[in-house]
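Annotated domain 'HTH cro/C1-type' per TrEMBL: 11-65, in sequence order.
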Amino acid sequence: MNMKKVIGNRITQARKARGILIKDLAERTGLKATRISNWEQGTRSPGPEEAKILSKELNVAASWLLCLTDNPMGEWLENK
């Protein structure tokens, strides 16, 4: 599957899990609804800063949204 599509699916999944409409997510984040829609459709993908903004509102890790990890909560390095 195309990486943009996977990222879009993750954004959609996280948004729906929170019960948020695209327009509400746009209002809460200050991002344009059309932009979020494009990301969810997989025609574009968010940059790191946009992923960070989305992750805070959706309660998931930005690294998960961007397919850098398979863990929605992110991965933490432990100092041993």
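Even glycines carry a Cβ here, placed using N, Cα and C.
Those TrEMBL annotations? Automatic predictions, nothing curated.
Because the structure is a prediction, the values reported are computed rather than measured.
For the domain 'HTH cro/C1-type' (11-65), the mean pLDDT of the prediction comes to 97. Note: the domain 'HTH cro/C1-type' (11-65) comprises 39 helix, 0 strand, 16 coil (DSSP; helix = H, G, I, strand = E, B).
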